[in-house]
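As structure tokens, the structure follows; a few thoughts come after it.
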């Protein structure tokens with residue numbers, strides 16, 4: 001079995017080499033590529049994607065897994081070998097259960113849809129994408145049907161990024177969360193709005209960059225195994241465990257934009273940088289799910305990065321960096337500004353309290369579409385209706401409504417949005433557990449020391465990579481299943497204090 | 001045949017997609033990669049190289065060529081189809097005639113040798129690399145033997161980068177050139193040395209960069225299809241005809257370093273950018289040989305970039321950029337400084353007149369090694385001896401002697417150096433012909449207009465890509481075979497005037 005495992009690893013490493021090379025093509029496309037390179041780059045990425053898929057569906061891998069899966073089951077569940085075989089098996093099943101022809105049709109269709117969306121959105125013309133989205137819905141259902149035996153048609157799609165998570169679980173969880181959030185948001189927004197004008201002055205980009213990089217270095221992002229560059233939309237990407245990069249964008253009239261996106265992406269990156277180096281080139285060398293990944297970006301961005309203690313440490317330095325802008329602004333004013341709650345139309349600009357309402361609207365709508373309870377043509381109105389209900393405001397147009405996010409126009413309908421809210425929920429659950437083990441963490445944060453927190457996260461989450469599923473990891477790390485209670489406690493505590 | 005040609009193109013485009021993705025991995029490794037990415041990057045590049053080679057040696061390509069080669073021969077020689085089939089056939093032969101096992105052995109050996117060289121050079125210890133170099137010599141001979149029927153054992157190796165060029169031709173050509181150069185260099189160096197101290201002041205990097213980029217934009221380098229970044233060693237690289245990048249390096253105490261390397265690399269890049277866009281993804285989308293490529297970098301760097309007319313246009317702007325350093329330096333003094341002739345030990349720092357002597361020393365030594373007339377253990381002393389003869393100076397150590405260039409320690413012995421001198425020779429031959437057709441070119445250069453020259457080069461060289469071999473291209477463009485006469489006329493004219 002030693003030999004077979006070695007063979008399997010070698011075959012998988014080739015797949016990852018292609019996938020990571022492709023990730024570099026994508027990173028370069030977003031950072032430094034001159035515009036003349038666009039056409040060929042698209043083709044090159046398609047070629048590498050196709051070759052990686054061919055390599056991943058190599059029947060040799062299937063034959064090796066036929067022997068290795070039972071062997072893996074005979075090993076201790078926690079062993080690296082068992083975990084590697086489980087993760088490899090999942091990746092193989094996912095790659096082989098969808099026929100190559102269908103995958104090609106789907107990829108071509110979403111590429112076209114994306115292109116049409118880039119024109120429909122600025123033109124505020126939903127009718128342009130409607131037929132494409134109808135086709136996407138049909139293809140999403142067919143995609144799910146390649147994984148029969150599901151309870152809800154969204155389950156296979158959700159499982160692509162949040163292995164094992166089910167629509168029924170999420171529906172319940174999200175309904176409970178919504179029941180808490182909607183009145184909480186109402187209470188806060190009935191009060192006088194927070195003044196965040198201190199963030200909206202002019203902040204030189206280069207100084208913003210230096211400050212942000214200093215912050216994340218202090219948090220624990222390792223620049224010898226990463227770097228930060230500028231892109232239109234911030235993201236984290238990885239070419240190996242030794243090369244985990246992040247990107248950000250700057251707005252000179254909004255100090256929060258780059259700073260919090262930098263911290264957010266560094267949270268994703270610290271997760272990947274924290275995986276055991278021995279896993280390099282294997283299916284274990286990756287965060288385990290979209291939800292757990294998001295828990296780390298949100299933990300560092302919000303729970304840590306928007307906390308009072310964090311700014312007790314960093315605010316004096318920020319004031320020294322921007323004396324004209326912040327010299328006369330108190331820590332209290334600044335801390336309230338970075339935590340301003342205000343219902344808005346755009347998900348990515350949303351505050352910590354309203355953010356999940358945006359996500360849950362999308363999640364419910366995509367379930368309704370997949371269930372056949374909602375037709376694509378009625379989506380724009382359904383969108384407005386839910387915004388009115390949950391946030392008390394609704395977009396005047398579709399541009400800031402149903403056309404807002406790229407997701408439905410570049411992927412399946414269903415299977416992506418849930419990760420954002422699972423992440424928020426988990427961030428509080430993990431943090432609360434870390435605090436129980438190390439009650440000194442808040443004091444340390446006040447001193448600019450993050451090693452104990454990062455150490456706990458590394459020990460219980462990061463180092464395992466994809467060895468355990470999100471559920472297993474949550475259970476092991478926190479002693480219980482995914483629960484909204486810590487998150488509600490956290491939000492009520494924080495915003496109760498901020499808004500008395 | 002239409003269908004077969006289409007299939008061939010599709011297969012080759014996949015190979016190029018892999019090769020160009022690999023070129024991006026390499027570019028990133030030299031520009032932005034954090035040091036933690038090194039190990040995985042090496043593996044990723046090896047994987048992509050192996051897959052590209054597997055794809056290129058696909059028997060399907062062989063079968064298609066079996067039909068297409070005779071078909072190509074029936075087409076007009078100048079047609080794109082015929083050229084494409086010829087170029088594809090050459091690439092296929094080169095890829096298939098060397099067994100994969102041997103190629104793997106060779107690659108492993110050169111990687112090791114390179115690694116040993118990186119330690120042996122700073123330690124000035126030739127004995128460390130000697131056994132590796134002996135093995136390299138043996139492997140280089142075996143490599144050549146996979147292409148039987150040669151006249152000289154170096155011929156197949158030379159043909160890898162300078163298709164069709166032979167050792168016998170080069171020996172004669174280089175001997176003639178040397179006979180002219182050695183006395184010319186002596187005459188010049190007997191005179192009082194030129195004062196180039198104006199170049200050795202302090203020049204801020206960012207201003208150097210902006211000036212250099214302004215220059216090459218004016219020459220015709222298209223920044224919408226390229227960009228310039230910093231690397232330890234400057235190079236040109238291409239990811240598609242729409243994305244041809246260059247790199248440079250700056251020395252704040254040497255104005256010439258970045259400026260002329262930028263112009264040099266932009267010459268390579270303009271060649272690639274000038275290839276017909278219809279050739280994208282085919283074997284025609286590439287410069288035709290190492291010699292022709294080098295002719296373009298040297299033409300723009302030396303014949304244009306170190307000419308008096310060029311500086312009549314650009315010097316006032318350079319003075320405005322560096323008023324403290326150059327405000328009081330006359331055009332004459334500056335122009336003489338950038339053309340200073342001084343025998344030195346380092347090839348890459350050599351002036352226009354002595355440069356070829358460095359190259360020819362290496363070329364003669366590698367032929368002697370391949371012919372068995374020189375043993376590796378005697379190479380250091382042979383090196384010193386030839387330097388004394390040709391340049392009147394010899395290195396005190398091996399670091400600046402036989403260990404100087406990476407080439408022998410990272411590739412075959414034989415087959416690389418000749419391109420540099422062929423390039424210099426051809427640069428003058430092409431330029432003289434362009435001038436015959438357009439005698440107004442020097443006046444235009446004085447006005448900062450380069451369109452006529454670039455137009456002639458595009459028409460006669462660039463746009464053809466690899467459709468014609470270097471010999472064919474030279475004959476078509478200049479009406480005669482490769483000849484040193486224009487080069488000698490150019491050098492005698494230029495340095496005669498500079499040194500009276």
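Heads up, residue numbers simply count up from 1 along the chain you see.
Glycine residues also receive a Cβ, built from the backbone N, Cα and C atoms like all the rest.
Remember, TrEMBL labels are computer predictions, not curated facts.
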For this session: Going by TrEMBL, B:264, B:268 bind Zn(2+); tell me which of B:294, B:312, B:317 is listed for that site too.
Result: B:294
Problem set entry | Cβ neighbour count (within 10 Å, all chains shown) around residue B:265 (active site, proton donor/acceptor) | 26
Problem set entry | Residues flanking the Zn(2+) site, with Cβ no more than 8 Å from the Cβ centroid of B:264, B:268, B:294 and excluding those residues themselves | B:236, B:265, B:267, B:293, B:296, B:297, B:298, B:300, B:301, B:423
For this session: For residue B:268 (Zn(2+) binding site), write down the residues of its own chain that are at least 6 apart in sequence and whose Cβ falls under 8 Å from its Cβ; none is a fine answer.
Result: B:236, B:246, B:287, B:293, B:296, B:297
Problem set entry | Most Cβ neighbours inside 10 Å, all chains, among the binding-site residues B:264, B:294 | B:294
